Amino acid sequence: MWAASCLASCCAACACDACRTVVSGISRRSARIAYCGLFALSLVVSWILREVAAPLMEKLPWINHFHKTPDREWFETDAVLRVSLGNFLFFTILSVSMVGVKNQRDPRDAMHHGGWMMKIICWFILVILMFFVPNEIISFYESASKFGAGLFLLVQVVLLLDFVHGWNDKWVGYDEQFWYVALLVVSLVCYLATFGFSGLLFHWFTPSGQDCGLNTFFIAMTLTLVLLFAIVALHPAVGGSILPASVISLYCMYLCYSGLASEPRDYECNGLHKHSKAISTGTLTLGLLTTVLSVVYSAVRAGSSTTLLSPPSSPRA
């Protein structure tokens, strides 16, 4: 017992030293990456608690005060929502505290780029406190977060457009036939993947013998938007490029799949019910990866340049 206690103390001391070393190494330039790392850590914590926290939460009387204990999935979702709420409050407090900061001479700029040990401690405390919040507050946050998730999807589309436009401009800037052909090939691959994916969606979510008009409407509407994107991009008055339209089309088809895959597993129009576990894990992994990439790209792109979302007349655009 004494040896185990000493070993645990040594491990804790080493972990603290490692944290201090990492925190002290965060410079002004790498601060935005550190924020992304903290956000990614919250996703990892959410995933872990989703898998292991349900049995413990069932024993907490201020959470499980129901006459009939909900199923395990309810507690898994509740754990993720509580971590998400703590994360939301942490970044909201930071963003509000930075309102009005114009340049690096503002004293609050040092707070934004420094104090990482205190920030990590505050983030940890906020996440822990959320597990003592009444269920009613979590339910309200769950309802509000659905609208926030929709806004975040719009932000993802804007970020994806910014990335693809930069990609397109770089290849066009080479002004060589090889790169023009490469743009055409990539665009065709995206469109082939989009229409192939739509065929799978019709196969999975509109099974024969079932009235799945709503699913058919969503898939058909997405295909209509895909064609509309291409027409607008190729219209002479727009002078656009087919590459951004093709990439956005593929992404929209993925969003259509994500929405249809979230239908109840016992719904007769959800053809994924036979592979629910594997599909759920794959969809969750892909969604997390998309979210992390979006946040990292927005932090690096918008945090280092004024060109993102700037009008064409801006000095650095």
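Placed from the backbone N, Cα and C atoms, the Cβ positions cover glycine too.
The signal peptide annotation in TrEMBL covers 1-18. The transmembrane segment annotation in TrEMBL covers 31-49, 79-101, 116-135, 147-167, 179-202, 214-234, 240-257, 278-300.
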Does the transmembrane segment (179-202) make contact with the transmembrane segment (116-135) through 3 or more Cβ pairs under 8 Å, each pair 6 or more apart in sequence? no
Two-stretch contact, the transmembrane segment (147-167) and the transmembrane segment (240-257), at least three Cβ pairs under 8 Å: yes
Top Cβ-contact partner of the transmembrane segment (31-49) among 116-135, 214-234, 240-257 (pairs under 8 Å): 116-135
With Cβ-Cβ distances below 8 Å as the criterion, list the same-chain residues six or more beyond the ends of the transmembrane segment (240-257) that contact it, or say none. 153, 156-157, 160-161, 164-165, 167-168, 172, 183-184, 186-188, 190-191, 193-194, 197-198, 201, 218-219, 222, 225-226, 229-230, 232-234, 286
